[in-house]
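K.L.:
I'd like to ask you about the structure that follows.
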Amino acid sequence: VLIIAVLFLTASELVTADYTRDKWQYRAASLRDAMRNFRDTRCSPGGEVCTRHSPCCTGFLCNHIGGMCHH
């Protein structure tokens with residue numbers, strides 16, 4: 001009976017540790033996506049002025065000579 005109890009406790013600790021690791025990976029991915037979305041809310045779309053403080057949105061490049069975002 002003691003051996004069965006030890007095996008059960010060991011198995012439950014392994015399952016809990018695996019679940020916790022997956023939970024942290026999900027949180028890290030969510031934080032990364034939130035930061036990416038935050039950056040895109042401060043960006044300049046195509047045809048708008050781009051600066052050091054307001055870079056072009058994803059998919060656009062800043063023409064530093066004229067300071068305009070373009071494809």
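Cβ coordinates come from backbone N, Cα and C, glycine included.
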K.L.:
If you follow Swiss-Prot, the disulfide involving CYS62 connects it to which of the following: CYS43, CYS50?
P.N.:
CYS50
K.L.:
Would you find the one among the disulfide-bonded residues CYS43, CYS56, CYS62 whose Cβ has the most company, meaning other Cβ atoms within 10 Å?
P.N.:
CYS56
K.L.:
What three-state class does DSSP give CYS43 (disulfide bond)?
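P.N.:
For CYS43 (disulfide bond) - judged by DSSP and reduced to three states - the answer is coil.
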K.L.:
Which entry in the list of disulfide-bonded residues, CYS50, CYS57, CYS69, has its Cβ near the fewest other Cβ atoms, using 10 Å as the limit?
P.N.:
CYS57
K.L.:
Hey, how far is CYS50 (disulfide bond) from CYS43 (disulfide bond), Cα to Cα, in Å?
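P.N.:
Roughly 8 Å, rounded to the nearest whole number.
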